[in-house]
Structures are given as C-alpha cells and as structure tokens.
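Pasting the feature list from TrEMBL:
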- A:35-54: DNA-binding region (DNA_BIND)
- A:12-72: domain 'HTH tetR-type' (DOMAIN)
2 protein chains.
Amino acid sequence: MRPIKQNGYHHGNLRRAVIDAALEAIAESGPAGWSLRELARRAGVSHAAPAHHFGDKTGLLTAVAAEGFGMFADALERAAGDALEVGVAYVRFAVGHRPYFEVMFRPELYRMDDPDLATARERAARVLVTSSGTLSPAPAQDRLTTIAAWSLVHGFAGLWLSGSLPEAAHEDPEALARSVIRLFSGMSSPG
Amino acid sequence: MRPIKQNGYHHGNLRRAVIDAALEAIAESGPAGWSLRELARRAGVSHAAPAHHFGDKTGLLTAVAAEGFGMFADALERAAGDALEVGVAYVRFAVGHRPYFEVMFRPELYRMDDPDLATARERAARVLVTSSGTLSPAPAQDRLTTIAAWSLVHGFAGLWLSGSLPEAAHEDPEALARSVIRLFSGMSSPG
DNA sequence: TCGCCATTTTGTCAATGTCAAGATAGGGTG
DNA sequence: CACCCTATCTTGACATTGACAAAATGGCGA
C-alpha cells in the first residue's frame, strides 16, 4: 500500500488502506505473521493510527472477515441453483481471495458477534443449503447431502491452500475442483 | 502442566513438559494465541529454557506437528483397507487431537523440511491413497477419488473444528462423519 | 578430585499491542 | 471571518514477547 499522505497530517480513508495492507501482509505470512505497526508503516501513518478505526488487532481481523464473507456470499449467489458451479465458486474464492478465506474460517481470530459478518455468513450458508438440494438422493438426506457437499469443497480448498496436494501443484485448482465435484455428484464426464 | 522442579536447577525432560504445555495452550487459544514465556512459566522453568530444546517458536511447533503426524499415521494405519473407517479415523483424530491437527495443516507455522515430520506425513498419505481405491468407479478415476475422499473428511473436520456446523453442535462428530462418508461412498444405510 | 558438557538461569534488546494525552485539520456556527 | 467542535492522527509510554549472549548448575566420566 502506498502512503496516503506525504507530510503533515491527513484525513484520508485510512480504513481501506489498512485493510488492504493487512490483506497483503496475510498473503505473505499468514493470518498471524504480521504486526499492526508494520501495517501502519506500510500505509505511511503512525503506529497507533489504525486503532482509531478498528479498536484492536481483533477488530481489524473482524473487518477483514466481514468484508470477506460479503464477497464470498456475492460469489456464491452468482452461481446459486447450480450445485456444481456453487462448489467451483467456493474453491475459486478460496484460491483467488486466500487472505480473506484464511481469516474467515478461523473464528478465534475475530469477533463472531459482528452483525454485518453474521448477515453475510448466513447469506452464504443459504446458497449452500438451497443449491445442494439437487444432489440429494431423497429429501430425508438433504441435510447430510449439504454437509457432504460443503465438506468436499471446503476440504479441497483447505488442502490446496495448505499445499497438501503436492502432485497437483501445477494444475489449475478450479478445473481440478470441477472434476472432483463431478465425480462426487455422480456425473459422467471426468473433466 | 505441573512444574518439573521445586527449587534449584533440574535436568528433567523439559522437552515433553513444554510440548504438553503447548498443546494445552493451543487448545485454549489456537495455534498462535500463546507465548513461549507463558509455556515456560507453566512448566515451572525460566523463560529461556525451552530454547535449548526447540531453538525457537517455529522449532517447537515443528516438534508438535511431527509428533502429530506420527500419531495421525498410526491412527489411519489402524483402519487401513476400510475406506469408511479410515475416513472416520481421520475425523476422530482431528476432533480428539485438535491442537495437533490444527498445527499440522498450517505449514507456515513450522518447518516442513523436518525429516521425521516428512516421513510420518508420507505414511499417512499412503494410507489415504491405498484405502480410497475401493471407492473408485474405475482405475482412471483413482486419483480423483483419493482427492475427493480426502477433501470430504478434511473439510468435515475443518468445518467442525471452526464451528461452522452450528446445527450439529450437539451431535457426535464421529457418527455424523460416518453418515456423511456413507452417503458419499454410495452405501445405503444412512446411519 | 577434576573438568567436561548438556541443561537451565539471568540479563538484555528490539519489536509488538495497547492505552493515554496531545496535536491537527476541516467544517459548521456565530 | 473568527471560533470551536469533533473526527482523525501523532506522540509518548508501558508491559509483554521472541531471541540472543553469558553465566551458573550439576551429573558423569577420567
């Protein structure tokens, strides 16, 4: 992030600058390998400037998670109805917005009682529940099917992000995920 | 962890005491929410004592991950051959040894070049590869099937541990995982 | 008895998260 | 235009942390 001022005081939207700097830092060294002061330095402000906007480190991560869940819900809703495409969108978000995703599913890092965050979270969950219905063999299995489909794509994302699929390192994660979901959903074409 | 000495110097197996203290701390506040000095305090030794055994914080987490992968491989091998039971064992380990599991799949926290760790990791992977064969519809799909089965159980574990399955909060995770895996593998009985 | 050496302690330093108090600017009100 | 008001940012401070260096301890063999 470029400094938002050159000299003297400046009332800019530090909020955005700090969140962007945090995303960069998380991309480099994980959700816990950075410091607030370093972010402030990157944004060109004093070490305590972020505190006014986010309160503390947990507050900043709460903002990141909330924004992430919002983007996540948007992405899933764009594919809603087509179970395969929702799954692919899930993986695409995880890989394409890794810093967000890594914070979102680490609740000990942020405050779950944030209202915006909770709303976006439920919005994303609703897409998963409604879209997995077509995969269910019988209404009695709807809930299990949702959990299975969610687990499949969430696990694929987690394994990919943690580098646990080394033989797949040079493949396109989205294409591989599509093949895996197809196999799961009993479709024929193995991509 | 109880202090390992009462007064004066003591040459005990501080190594074990510190690892146990770390597991406790990780269980309480996640893989990053604790401090080396706090561990030393819990073990009843001076603040720099752990450094001799582990080098630095990353070294301690490497030891935790290596030990975890060893126990993990043992657990999977005990169920080897039966794909359903391997999957259940995977989830049981994640839930029953949460601190280990949370460190193991966060490679940015430890050193992956540790030889013991790599050996145990490959041992666990081999069980997954060989045991998922029975689920594959055709030899050409073996690799996709392994990735799918692994993703399913890994994702279930991750979602459970992150509290993302709230409606399942009071169910037995092992039984629920068994049902989900059965559904995935095309078996009939929905548990 | 003596010295060796793994182990642990003590002391120190820069960096970090957080709090409190002061400085700045820009807009609204008179 | 002068004034103040408030959000925003800075400065200064403090306890805690991870890491390093040097000293202390004590068991064990020569």
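Each residue, glycine too, has its Cβ placed from N, Cα and C.
Please treat TrEMBL annotations as automatic predictions, because they have not gone through curation.
Please go over these features one by one and say how buried each is and what sits next to it.
Secondary structure by DSSP for the domain 'HTH tetR-type' (A:12-72): 46 helix, 0 strand, 15 coil.
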For the domain 'HTH tetR-type' (A:12-72), report the average pLDDT of the model, please.
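Mean model confidence (pLDDT) across the domain 'HTH tetR-type' (A:12-72) is 96.
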